[in-house]
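Going by TrEMBL, these are the annotated features:
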type: BINDING; residues: L18, G19, C20, G21, T22, V23, G24, S25; note: NADP(+) binding site
type: BINDING; residues: K113; note: NADPH binding site
type: BINDING; residues: E198; note: L-homoserine binding site
type: ACT_SITE; residues: K213; note: active site, proton donor
type: DOMAIN; residues: 359-435; note: domain 'ACT'
Amino acid sequence: MTPHRRIDEASPVRIALLGCGTVGSAVARLLTEQAEDLRVRAGRRLELVGIAVRDTTRERPGIDSSLLTDDPLALVTAEEVDLVVELIGGIEPARELVLAALDRGASVVTANKALLATHGAKIFETAERNGRDVYFEAAVAGAIPIIRPLRESLVGDEITSIIGIVNGTTNYILDKMHSDKQTFESALTEAQELGYAEADPTADVAGHDAAAKAAILAGLAFHCRVRAEEVFCEGITEVTPEDIAAAESMDSVMKLLAICQVNPEDETVAVRVHPTMVPRKHPLASVDGAYNAIFIESQSAGRLMFYGPGAGGSPTASAVMGDLVTVARNLVRGATGPGESSYRGLAVADAGAIRTAYHIRLQVADVAGTLESVAACFARNHVSVRAVRQEAQGAVGEAVELVIVTHVARTQDLDAAVAELRLLDQVTGPVRPMRVEG
Ligand code: NDP
Ligand code: HSE
């Protein structure tokens with residue numbers, strides 16, 4: 001391992017910024033506006049030596065254009081750079097640049113959850129080998145301090161579950177679909193205009209952004225490695241106004257939840273992201289707009305909740321700046337912060353083994369024997385029915401909506417029951433299962 005790097009007393013901490021978009025431009029401005037306070041807090045002057053972007057000709061208010069370059073590799077491998085702040089996003093060239101920076105001897109701050117949830121093992125191993133830091137508070141839940149509590153404050157406790165809203169864009173969209181009866185498309189456009197969405201918003205609405213964050217949270221909480229591709233993931237693209245109305249009729253709201261749990265029976269970790277009905281009385285139900293919230297349950301501390309702005313340039317820059325000062329302090333002291341902890345090596349559970357309760361809407365013919373046939377589909381697949389409601393009252397034989405709420409069941413059993421329901425003669429329309437929490 002390379003010895004920890006220590007900056008000599010006369011030198012500033014020299015920072016290379018990769019990206020000057022929603023988050024990067026806010027960070028660049030704070031570095032200038034707060035320069036004097038940051039110098040005192042970090043113990044050295046923080047000097048921005050370059051900003052890599054794609055288009056160096058674009059007007060960027062408040063940004064010193066002489067710092068702009070379109071050669072990020074030359075910037076991160078420059079001899080004088082101590083700290084690289086990666087705010088480009090996506091996998092390439094961010095992966096190559098982060099690894100090059102670490103190998104060259106710089107520490108890294110990043111907000112890039114997609115990168116860490118895909119190539120985290122290689123990045124942390126490279127940082128360790130070079131005696132450098134990788135800090136990533138902004139990668140999960142924007143401004144909310146959640147990485148440091150998991151990495152440091154709770155590292156002596158035994159975390160058993162994490163349930164959270166970790167994507168601001170989708171929370172904004174679902175909130176607007178409920179409160180303003182806005183369409184999915186118009187709410188997404190607003191979220192993009194407000195700077196919440198990823199460069200390609202498919203990452204948000206398909207659940208991939210939340211899945212990457214869930215993988216990072218599960219890895220930190222349970223001391224194991226979880227990759228984004230191992231997370232069971234369903235986004236909100238299929239959520240319809242009818243689903244929203246169905247949730248409201250149950251005094252609930254639709255939320256995109258990230259859920260990470262250890263199954264003590266087989267020592268596996270179940271990590272999933274999907275739209276979920278949450279009762280209005282549940283604290284997660286009142287998390288609106290682009291806010292995020294994360295519940296943690298642990299053996300000693302009990303229940304903890306973290307809440308705050310989950311996206312947007314300024315809130316995310318707050319988390320980046322916190323990392324930046326911390327890493328600068330480490331450089332000044334010739335120290336590094338905590339590295340990766342994956343010693344438990346827990347396996348990730350199969351999607352089919354994941355257990356949750358369901359709310360199922362189906363259109364049936366209102367004739368004798370329908371309920372019995374429907375109930376038999378659940379019984380044959382070991383799914384216990386908790387409540388049944390028939391919505392409309394019409395003449396015998398007319399189509400009516402049946403709502404069934406189950407007890408907690410395995411996903412594979414519920415899927416099998418739904419497949420059988422779809423084959424019943426008495427089922428005359430779509431069968432719509434939705435997961436329920438709380
Ligand atoms: P933007 O798309 O707004 O900005 C990306 C920046 O990277 C732009 O300045 C762009 O240059 C630059 N860039 C892109 N590709 C290259 C390249 N090949 N070489 C050099 N520069 C490049 O992204 P955000 O600021 O929204 O997000 C940045 C990171 O922060 C992402 O990892 C994101 O997931 C994360 N994040 C974002 C949050 C948010 O609310 N926006 C919240 C939390 C995390 P140019 O300006 O010339 O196009
Ligand atoms: N696109 C992300 C979100 C940004 O909406 O939550 C914050 O990570």
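Note that Cβ sites are derived from N, Cα and C of the backbone, with glycine treated the same way.
Among the binding-site residues L18, G19, G21, G24, S25, E198, the residues whose Cβ lies under 6 Å from any atom of ligand 2 are, in sequence order, E198. With a cut-off of under 6 Å between the Cβ and any atom of ligand 1, the recorded positions C20, G21, K213 reduce to C20, G21.
Same-chain neighbours of the NADP(+) site beyond L18, G19, C20, G21, T22, V23, G24, S25, judged by a C-beta within 8 angstroms of the site's C-beta center, are, in sequence order, L17, A26, V27, A28, V53, L87, I88. The secondary structure of L18 (NADP(+) binding site), as reduced to three states from DSSP, is extended strand. Ranking the recorded positions K113, E198, K213 by Cα distance from S25 (NADP(+) binding site) puts E198 first. Across the domain 'ACT' (359-435), DSSP helix (H, G, I), strand (E, B) and coil residues number 24 helix, 32 strand, 21 coil. Distance noted between the C-alpha atoms of the residue listed as 'active site, proton donor' and G21 (NADP(+) binding site) is 21 Å. Between the binding-site residues G19, G21, G24, the minimum number of other C-beta atoms within 10 Å of a residue's C-beta occurs at G21.
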